[in-house]
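Asks: My structure is below; once you've seen it, I'll send some questions.
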Amino acid sequence: MKHLASSIALTLLLPAVQAQQTVWGQCGGQGWSGPTSCVAGAACSTLNPYYAQCIPGATATSTTLTTTTAATTTSQTTTKPTTTGPTTSAPTVTASGNPFSGYQLYANPYYSSEVHTLAMPSLPSSLQPKASAVAEVPSFVWLDVAAKVPTMGTYLADIQAKNKAGANPPIAGIFVVYDLPDRDCAALASNGEYSIANNGVANYKAYIDAIRAQLVKYSDVHTILVIEPDSLANLVTNLNVAKCANAQSAYLECVDYALKQLNLPNVAMYLDAGHAGWLGWPANLGPAATLFAKVYTDAGSPAAVRGLATNVANYNAWSLSTCPSYTQGDPNCDEKKYINAMAPLLKEAGFDAHFIMDTSRNGVQPTKQNAWGDWCNVIGTGFGVRPSTNTGDPLQDAFVWIKPGGESDGTSNSTSPRYDAHCGYSDALQPAPEAGTWFQAYFEQLLTNANPSF
C-alpha cells in the first residue's frame, strides 16, 4: 500500500489498452495495478483476495479453485465423495502408538486437482506422467481459513466411505490446523484472516469448535493433525518482534484450546516445532523444549498429542554425513540430529514426544540457500522421499508431505501487502505469486529435481 499514490499516478499515464498478462502471471488482487487481462488461451481466475492468476484453459472467475473436486488419488477410487455422516453405530477408532502404522494416508483431492488442472496442461508431455504420479502422493490438507472446515467434512466422509468399502489398509485423514489470530507474526507472506484486536481469539476458538464437530461426526475415521506451523517457534526466537510479543498470550491460549478440544480418541496431533536451522541451535534448543513441554503439560498432557512435526514447508535433510556450510555453528545440521537433541530435553520436562518430518521439498541436498534462514521458494529444490514409516529411528514416526509442493511460499511482488523480503532474495525463484497459490515454475522445478525421481 505504500506505493498506492505512485500506482495511481502511473495509471493515469497508461494507454487505454494495457498489455496482457502471460500464462501463470498475476492479473488481479488487492493492491494490484498491473494487467488485468490474459493472453489468448488463458483466463484471469481469482484465487484469493490478494491474488488472481492467468490460468491456461480456464474461464474467468471470481471464486477460489474448488476444494470439493471428486478426484481422489488413493488406491481405492470407486467410491465417490459423500457428505453423509456416520451411523450412530459407527465405532470410534482409537489412536495409540505410532498413528501412521497400519494406515494408508489420504491423497489430498484439492492438491490433486491443482496438479491435474493447473500444472499438467502446460507441462511437456515427458513430464505429465510424472506429475500425475505426484498427484497420487498423500499430502496434508491445510485448514488455513475457517471456510475450508466444511471441506474437511467432505474428505472425512469420503475416507469413511472408502474404509467401509474395504480399503486395506484403512485410510487416515491428514490435516494442518493453521488459522491463529495475527498468524505468521515474524513474517508477512502468510498473514491470516483473524486479528487479535478484532475478536481474533474468539473467532479462532469457533474455528477449532468447527473442526472438533467434524472429528466427532466422523469418529470412526483415524485423523492426524499438525498444529499451527511456526507459531510456538516464533515464541522461542522472535519475541523481539512487536507483533509476536503482542501475540504471545493469544497464541498460547489458542493452542491450549486446540489441544484440549481436539483431544479425541480418533485423533493424533503433532505440534509444529520449526526445524533444525531454527530451533536446533544450542541457544534455542533448551528454551524450545521448555516451551513445548509446558504447552503440552498445561493442556493436561492430552493423550492425542503424540509429539512434534519438524521441517514443515522447509528444505532440510533427514540425515547428512557432512554438514553444509550454511549450517556452520549449529551441531544439529539435519532433522535427525535435531530431534535426537530435542527429545531428551522434552522427556525430562514431562513430554515423551515422537516426531514426524516434512520431506515434500527436501530432495536436493545440500540446498542452494544462501543462508539457512532463507525459506521462500528456494531455487533448485526437488520433491523428497515419499511418505513412509520406514525412518530407521524409533523417535521418528514417519516422513510425510505436509507442504503441497507447487503452492507458493509468498509473492515476489514488492508492492503486495503480503510481500516479505525473503521472497525477493537471490535464492528465491521469481516471479512468484501469493502464498498458497499455484506456482507453476516451482512445481516444474520440484518435479524435475525429485529425489527419488518419479
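The count begins at 1 with the first shown residue.
Glycine is treated like the rest: Cβ placed from N, Cα and C.
Remember, it's a predicted structure, so these values are computed and weren't measured experimentally.
As annotated by Swiss-Prot, active site applies to D184. Taken from Swiss-Prot, the feature N-linked glycosylation site covers N413. What Swiss-Prot lists as region 'Thr-rich linker' is 59-94. Marked as region 'Disordered' by Swiss-Prot: 68-95. Annotation comment: Swiss-Prot describes 95-454 as region 'Catalytic'. Look at Swiss-Prot and you will find 1-19 tagged as signal peptide, backed by sequence analysis.
Can you tell me where each of these features sits in the structure?
Replies: Around the Cβ of D184 (active site), a 10 Å sphere holds 23 further Cβ atoms from the protein chains shown.
Taking the Cβ of N413 (N-linked glycosylation site) as reference, residues of its chain lying under 8 Å away and at least six apart in sequence are, in sequence order, Q26, Y419, P431. In the three-state DSSP scheme, N413 (N-linked glycosylation site) is classed as coil.
Each residue in the region 'Catalytic' (95-454) has a pLDDT score, and their mean in this model is 97.
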Asks: Return one of helix, strand or coil for D184 (active site), based on DSSP.
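Replies: SS state of D184 (active site) = coil.
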